[in-house]
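Enquirer: One structure, pasted below without further comment.
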Amino acid sequence: MDKNIHEQRILILDFGSQYTQLIARRIREIGVYCELWSWDVDEQDIKDFAPNGIILAGGPESVTAEGSPRAPEYVFTAGVPVLGICYGMQTMSEQLGGSVIKGEGEGEFGYAQIEVKGASELFKLIEDAVAQNGNALLDVWMSHGDKVSAIPAGFTTIANTATCQFAAIANEEKRFYGVQFHPEVTHTRQGERMLRHFVMDICGCETLWTSSSIIEDAVARMKAQIGDDEVILGLSGGVDSSVVAMLLQRAIGDKLTCVFVDNGLLRLNEGQQVMDMFGDHFGLKIIHVNAEHRFLEQMAGESDPEAKRKIIGRVFVEIFDEESKKLKNAKWLAQGTIYPDVIESAGSKTGKAQVIKSHHNVGGLPDDMEMGLVEPLRELFKDEVRKIGLELGLPYEMLYRHPFPGPGLGVRVLGEVKKEYCDLLRRADAIFIEELHKADLYHKVSQAFVVFLPVRSVGVMGDCRKYDWVVSLRCVETIDFMTARWSHLPYDLIGHVSNRIINEIDGISRVVYDVSGKPPATIEWE
């Protein structure tokens, strides 16, 4: 590899916006490395990072409120380009001598059209339409109450709307730019081109961050880190651990041992599929532990969702610890930690979020496990992990499957988990997913699954009355899984799935469809 793929980089300072990670993903998609830090980072950390440019992201606070977040002063003296987005533009304006006024119910939320004024590097050769006066018009997405009322000295207006005098501003000499809208969201039609102008033309970055270069870099770093030692990996068959396995195989070959723990809470035939793909097809060395009885025994009588998650996590760690001790030469433990995990566990450098559900795979490994940690995905977002998985030869169908919770069916069987319930649920879920594929809807929705409800309902089969279990179909559409709407599937499809489940699975008498959005509901039931 000729160039260091981390050498040219952008720093994004987060002020709490729900879109901040989206900015980082857009910059990565352009082909440039970036990191996401909290707004209150130390000046020395920025100096050490030495970014080619800095982006000040949005946030829910008001610049006019006492004690609201501010960018470190060094941002404006570092001599690198700066782009302020929404709150980022407002705090930049205020900190450099402009002023911001509190919105009095007249903010802009949703679609807006801005008119470009004059020539700016940020909007160069970009337009969605042309005004009668010849100026470019751009379709953008606004989300602000406060607004800049006076811009700092040296700045000019480069775009406005009918109600927002300073929709975008620039100090071209210092290469400081501010936009009141969100270029990172898809509703801003030319947003990707604006970010590309900033990162490549204004900051001067090259596109070194590609799937092939990421793989090459990860393999080289793991070879240097691991040397001739052996590595152990908990392989679940999910996206992250699967991609880690393929990267490690490329880096160290048969010095990798995978431990696959079948907890009895997987999807239909999933355990066999994992062994067939990674053991037989890719030739990985896998220890297959069938622990269904052990997991179900430990969960017997437990109906609290959080307690179930903790039991599943604890038993997995116990089994993994037992197996790792048998591998006397293993000096390293590999994990599928990805960048959003790093951001969250930093507590995060990006604010304080309430723990809604515990994640069984974050932390929790024994303190006495004397192994080094190998985390080749810790810089990557999920979409990047999937792309390098494709490059490594993993099948599209596996990489782009809908999300499956770490505790598996343990949180899709409501209440106490029993083998009978899991077996019924597995078959019902397989029918639902099969029919979505047949209808060419599987990849058009974001997540679909079946939930087992611990209630019986009266049904009629032929001339006989039956009293059997109820399941719920759940199908949602979302961009970021932070919010979601229930999928408006065709009634005929829902009816067909229901008929198949009731007729083909002895033990289920009723099928319902969940029409709850997020919020107020969560996507998973537990």
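Just so it is clear, glycine is given a Cβ too, placed from its N, Cα and C backbone atoms.
Per Swiss-Prot, the feature active site, nucleophile maps to C86; the stated evidence is sequence analysis. Annotated active site per Swiss-Prot: H182, E184, in sequence order, evidence recorded as sequence analysis. Marked as ATP binding site by Swiss-Prot: S236, G237, G238, V239, D240, S241, S242. If you look up Swiss-Prot, you'll see 9-208 marked as domain 'Glutamine amidotransferase type-1'. Feature annotation from Swiss-Prot assigns domain 'GMPS ATP-PPase' to 209-401; the stated evidence is sequence analysis.
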Enquirer: Which one is it: of the binding-site residues G237, G238, which Cβ has the fewest other Cβ atoms within 10 Å in this structure?
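Expert: Counting other Cβ atoms within 10 Å of each of the binding-site residues G237, G238, the minimum falls on G238.
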Enquirer: So which other residues, same chain and not among S236, G237, G238, V239, D240, S241, S242, have a Cβ within 8 Å of the centroid of the Cβ atoms at the ATP site?
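Expert: So the extra residues in range turn out to be L235, V243, V244, G336.
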Enquirer: Could you check the binding-site residues S236, S241, S242 and say which one's CB has the fewest neighbouring CB atoms inside 10 Å?
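Expert: Lowest Cβ count within 10 Å among the binding-site residues (S236, S241, S242) is S241.
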Enquirer: What Cα-Cα separation, expressed in whole Å, is found between G238 (ATP binding site) and H182 (active site)?
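Expert: Each residue's Cα considered, G238 (ATP binding site) and H182 (active site) end up 33 Å apart.
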Enquirer: Quick one: give me the count of other CB atoms within 10 A of the CB of D240 (ATP binding site).
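Expert: So the number of other Cβ atoms within 10 Å of D240 (ATP binding site) is 20.
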Enquirer: When you measure from the Cβ of H182 (active site), how many other Cβ atoms are you left with inside 10 Å?
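Expert: Neighbour count, Cβ to Cβ under the 10 Å cut-off: 23.
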Enquirer: Write out the long-range same-chain contacts of E184 (active site), meaning residues 6 or more apart in sequence whose Cβ is under 8 Å from its Cβ.
Expert: Y19, L22, I23, R26, I85, G191, L195
Enquirer: Roughly how many Å separate the Cα of S241 (ATP binding site) from that of C86 (active site, nucleophile), to the nearest whole number?
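Expert: Roughly 37 Å, rounded to the nearest whole number.
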Enquirer: Calculate the distance in Å between the alpha carbons (Cα) of G237 (ATP binding site) and H182 (active site), and round it to a whole number.
Expert: 36
Enquirer: Of the recorded positions listed here (C86, S236, V239, D240, S242), which is spatially closest to H182 (active site) when Cα positions are compared?
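Expert: It is C86, whose Cα lies nearest.
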Enquirer: How far is it from S236 (ATP binding site) to C86 (active site, nucleophile), counting Cα to Cα, in Å?
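Expert: Distance between the two Cα atoms comes out at 41 Å.
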